[in-house]
Amino acid sequence: IFAFLALMCLILAIGNGIWEYDKGYYFQVYLPWAEGVHSASYSGFLMFWSYVIILNTVVPISLYVSVEIIRLGNSFYIDWDRKMYYPQNDTPAQARTTTLNEELGQIKYIFSDKTGTLTQNIMCFNKCSINGKSYGDVYDMSGQRIEINENTEKVDFSYNQLADPKFSFYDHSLVEAVKLGDVPTHRFFRLLSLCHTVMPEEKKEGNLVYQAQSPDEGALVTAARNFGFVFRARTPETITVVEMGETKVYKLLAILDFNNVRKRMSVIVRSPEGDLTLYCKGADTILYELLDSSCDSLKEETTEHLNEFAGEGLRTLVVAYRNLNEDYFQDWIRRHHEASTALEGREDKLSELYEEIEKDLMLLGATAIEDKLQDGVPQTIETLAKANIKIWVLTGDKQETAMNIGYSCNLLYDDMEDVFIIEGSTSEDVLNELRNARKKMKPDSFLDSDEINIQFEKSSKKPKMIPDEQANGVYGLVITGHSLAYALEANLELELVRTACMCKVVICCRVTPLQKAQVVELVKKYKKAVTLAIGDGANDVSMIKTAHIGVGISGQEGMQAVLSSDFSFAQFRYLQRLLLVHGRWSYIRMCKFLKYFFYKNFAFTLVHFWYGFFSGFSAQTVYDEWFITLYNLVYTSLPVLGMSLFDQDVDDRWSMLFPQLYVPGQQNLYFNKVVFVKCMLQGIYSSLILFFIPYGAMYNTMRSDGKAIADYQSFALMAQTCLLIVVSVQIGLDTSYWTVVNQFFIWGSLSVYFAITFTMYSDGMYLIFTASFPFVGTARNTLGQPSVWLAIFLSITLCVLPVVGYRFLKGQLKPTPSEKVLLKIKEAKKRPPPPSPKRRLRRTSTRRSGYAFSHQHGFGALIMSGRNMRPKSPFATTGTFSPNSDKHKHKGL
């Protein structure tokens, strides 16, 4: 704009020098040169700076003030949005900054934490399979499976005084099987009450609190508790269980602890009747290899149930048992003691003994646990994916857990072409895995890889942006933290970002807070895209601060994430409304504002440019000086603010139903250099009309009473009236959503213009302020002529008709994708609204979910040693867990 201003001033200055040299001599009788001016070139030099002052309105100084007002208003909309208010915690959405609203409508990548952001970190016992029968589903009278909701009748556990009142289950047939004394069912829940490392705490009688190494274990023990097998207390040698109201004390002989290789845990107990039993639970892929051959038919039935559970995104676990021979066990426990006290190879020896005894197991069934997602997470992710937003989940959880949640919340699904797992242990392995993945997604991407690498090697400190590459299908990528450390190295980061950005979904497991920030920085470095990071904990702060926009969720992990964020709310599902409604509206409003603002300033200023050719390039203004002062301040400020604060192409409901409308913002289609040039050309065209039509209409014209009106003041009044009406009509064409406020601002601005004009050009104002208001009587003399209004109408028509014609033809012949969607919405509005679709049950999946015991080695050895025990409360006779106990100090019974 500054270059354009300088060019115009230079042209006019040269014109003035030529005019003064060629014609100015004849006018010096009554237009003498100023004192000190002795040449045409010096006059042109002075005129250059005079025109800089006159034409400076082409530089939008007042735009900055208007932009801040618009941003502030759109921020208040976020704060006031009741649909983003979470009543449970009394938490409204909050815009903590006012400078990023329009960028919310341009997000291309979302980086999200998992625990506490996508999930509630609450495990719930959902379903189970016992002896080939599946429990947990609810059926109606006709035998049809129905969806469980708030109105579904819950199982009544009032018969069990020790039941957890927070536990919910809906399949009544399982309780009936327990009450009828079904042997496999009793054995199933007995296993769940014995095979774990949970510590109980009973501060007052009947009020049990479980301290579990992982939420999964706590959920399983709580389920057994409610179904009548209550884990009451433990010591290093015993486990006390209340079975259907009868207290039994089992002797704990050994805990075969969990680790990441075994993916299972077992306990060996002696019942009060003297029976020796090994109870085992673990991942299905591991335990199936250890089952007795007599379980083959039951294994097939259980596998079908596992597939069904996995299809619903549940975390599955297989349970089995083995009755042990007394003589064999005595020999085994002796060897186990020797191995556990060995100075060398202790872990290997113990592992061999575990493998020896954990075989020929009898299958009992399987459990299915739901890691409760936050409400609306799957639907939100599905909607954001339709908006062409790529979602990366960066979590500290292990791979099985993260992939589980990925399937649960529709990040990953079976219809994907492939899900690549990057788990190389060396830099070369990671490079090969990334390249193999990219080769499968886009085989021809290797044709230009050498060229891109050379460009990046020769580039300056600021790397060049990588263009978006389209894969030949929908893919997902899962990468572990160990492999990610190699991929983030300087020689591999380009390969990582090219491969990962071609995938629809990326899940990074076992990542540190620093790695989260590095991943975000990597995408910012190589991709021309706006990024958003969302999290709820202190470990997400670095990621939130690194992204262009940070969103904090006020959840269970404190306020650090919220305090570091730009926007905050209580639930992940509000993110789609923040982006698809508030973000998109803010982007569209800002783009419309900028286009209109530049247009009206170019149309206003360039009339001076054309007038220079007819005024000897003398830097005389076209308009009255009061009109120049009030044009941006009064006449055109409120209408554009009204449009920028209230306009919306479609309402919030359609914005959510058609997320494809979000795509133009990602591509910045509504305001860019091309759009700016179009605004400039439209302003130049309008200025030509606004100058030459009034000029031609006034040239040698007479009033109806025979008096001439071809004077400068009449021409100036007609030109400024045409200008104001044209820009008012233009903002009417740009407005998509009419409100009372818009109408009031537009019609009010025109009314204020005519009121001020007739007042300032009146005889009274001239008599009071003679020097300030020289246009005495011009308004009533000029605007009372029909020919003047006809010329005004002609100017408006010539300015507006090309815009209307262009928009109509473009919409008919070459509509944009968003215009096609808007057309669908208009057609849909004419029809009655369709009934809300019923949520379908998820189909089964061929994938089985992995079970997450814990991220570390189990606590079996600690429990057997008794170092985490303290004296029990008066309500029981055995030891219980002390949350404040030191595992390195002995606190005996």
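Note: Cβ is positioned from N, Cα and C throughout, glycine not excepted.
Residues annotated as active site, 4-aspartylphosphate intermediate in TrEMBL: Asp113. In the structure as shown, the Cβ atom of Asp113 (active site, 4-aspartylphosphate intermediate) sits within 10 Å of 29 other Cβ atoms.
For Asn539 (ATP binding site), the count of additional Cβ atoms within 10 Å of its Cβ stands at 21 [all protein chains shown]. What TrEMBL lists as ATP binding site is Asp113, Lys114, Thr115, Glu217, Phe258, Lys281, Arg315, Thr395, Gly396, Asp397, Arg510, Lys516, Asn539, Asp540.
Taken from TrEMBL, the feature Mg(2+) binding site covers Asp113, Thr115, Asp536, Asp540. Neighbour count (other Cβ atoms within 10 Å of the Cβ, all protein chains): 30 for Asp536 (Mg(2+) binding site).
Annotation comment: TrEMBL describes 824-849 (among others) as region 'Disordered'.
Residues annotated as region 'Disordered' in TrEMBL: 866-893 (among others).
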Candidate binding-site residues Arg315, Gly396, Arg510, pick with smallest Cα gap to Asp536 (Mg(2+) binding site): Gly396
Other C-beta atoms that fall within 10 angstroms of the C-beta of Asp540 (Mg(2+) binding site): 30
Long-range Cβ environment of Gly396 (ATP binding site), under 8 Å and at least 6 residues apart: Thr115, Gly481, Arg510, Val511, Thr512, Asn539
Sparsest-packed among the binding-site residues, when each Cβ's other Cβ atoms within 10 Å are tallied, from Arg315, Arg510: Arg510
Close recorded positions near Asp540 (Mg(2+) binding site), where close means Cα within 10 Å, chosen from Asp113, Phe258, Arg315: Asp113
Inter-residue Cα distance where the pair is Phe258 (ATP binding site) and Asp113 (active site, 4-aspartylphosphate intermediate), in Å: 27
Local Cβ density at Phe258 (ATP binding site) - other Cβ atoms counted within 10 Å: 25
Surrounding CB atoms that lie within 10 Å of the CB of Thr115 (ATP binding site), all protein chains: 23
